[in-house]
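Inspection log for the structure reproduced underneath, given as structure tokens.
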Ligand code: SF4
């Protein structure tokens with residue numbers, strides 16, 4: 001699809017839909033400046049960006065992040081209220097009957113493997129860490145089912161330690177933006193960390209994921225309604241007609257529910273519906 005030079009309507013107003021000139025290869029310096037500008041724009045578009053898993057303490061975030069493999073944050077959030085009511089602490093979960101635990105987490109898929117991870121990590125927390133989630137990456141990755149991605153989510157959001165979380169949305173968008181060509185999440189993490197100051201890492205991760213869920217979708221990115229289109233080398237990979245693009249938006253300010261049943265204060269959208277509950281009104 002070809003880019004047009006006219007303005008497009010976006011959730012934030014009108015932006016120029018001009019495709020950036022790509023005749024000469026972009027220097028590293030220019031890419032870094034463009035990347036930081038995208039981050040600043042995303043901060044304005046999503047000032048309320050936040051982790052989209054519901055949690056009240058580090059243990060709940062750790063468990064929710066393990067459950068989020070191969071499923072949506074929404075499905076995890078719909079599953080964890082009953083799980084945490086039954087097993088509020090690592091000690092409680094470590095003593096769970098495996099079949100009961102499997103049944104509670106069944107909606108998140110891969111429930112046998114996830115149940116083994118949860119039992120293993122709860123037992124390790126109980127036996128090795130005094131029932132507390134450790135706040136260091138080298139300790140977190142020793143827990144069953146916990147890799148760097150999970151550890152970074154927990155450190156960034158429950159302990160305030162800066163970290164980049166490379167999930168499917170993050171990897172897709174940063175490759176579209178030509179911030180990296182790497183596919184391996186650890187290499188992506190290292191390259192993106194080198195572009196931004198540490199203080200930006202955690203919020204950048206949330207903003208990018210917010211943009212991936214709402215506008216820059218995997219199959220049909222809504223380019224014609226994208227506020228950062230002028231900064232995006234992939235403009236035109238998706239729908240560029242502003243009216244058609246607008247229909248592709250999954251945007252809380254457009255009245256759509258978010259992923260969290262208990263969104264943080266200041267979130268401008270609707271809470272997600274509980275499991276089996278009626279969808280939130282639009
Ligand atoms: S929606 Fe289109 S223009 Fe916007 S970031 Fe994604 S690919 Fe780029």
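Glycine too: its Cβ is placed from the backbone N, Cα and C atoms.
The feature [4Fe-4S] cluster binding site is assigned by TrEMBL to 216, 223, 226, 232. The compositional bias 'Pro residues' annotation in TrEMBL covers 262-282. Feature annotation from TrEMBL assigns domain 'HhH-GPD' to 67-214. According to TrEMBL, the feature region 'Disordered' maps to 1-25, 250-282.
Location within the structure of each feature annotated in TrEMBL.
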residue	record	DSSP (3 states)
216	[4Fe-4S] cluster binding site	coil
223	[4Fe-4S] cluster binding site	helix
232	[4Fe-4S] cluster binding site	coil
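Same-chain residues lying 6+ beyond the ends of the region 'Disordered' (250-282) with a Cβ under 8 Å from its Cβ atoms: 11, 48, 50, 52-54, 72-74, 77-79, 81, 107, 213-215, 217. Residue counts for the region 'Disordered' (250-282) under DSSP, helix first, then strand, then coil, are 3 helix, 2 strand, 28 coil.
Neighbour counts were taken as the number of other C-beta atoms within 10 angstroms of each residue's C-beta; across the binding-site residues 216, 223, 226, 232, the minimum falls on 232.
Annotated [4Fe-4S] cluster site 216, 223, 226, 232; additional same-chain residues within 8 Å of its Cβ mean position, judged by their own Cβ, are 176, 215, 221, 222, 228, 229, 234, 235, 237, 238.
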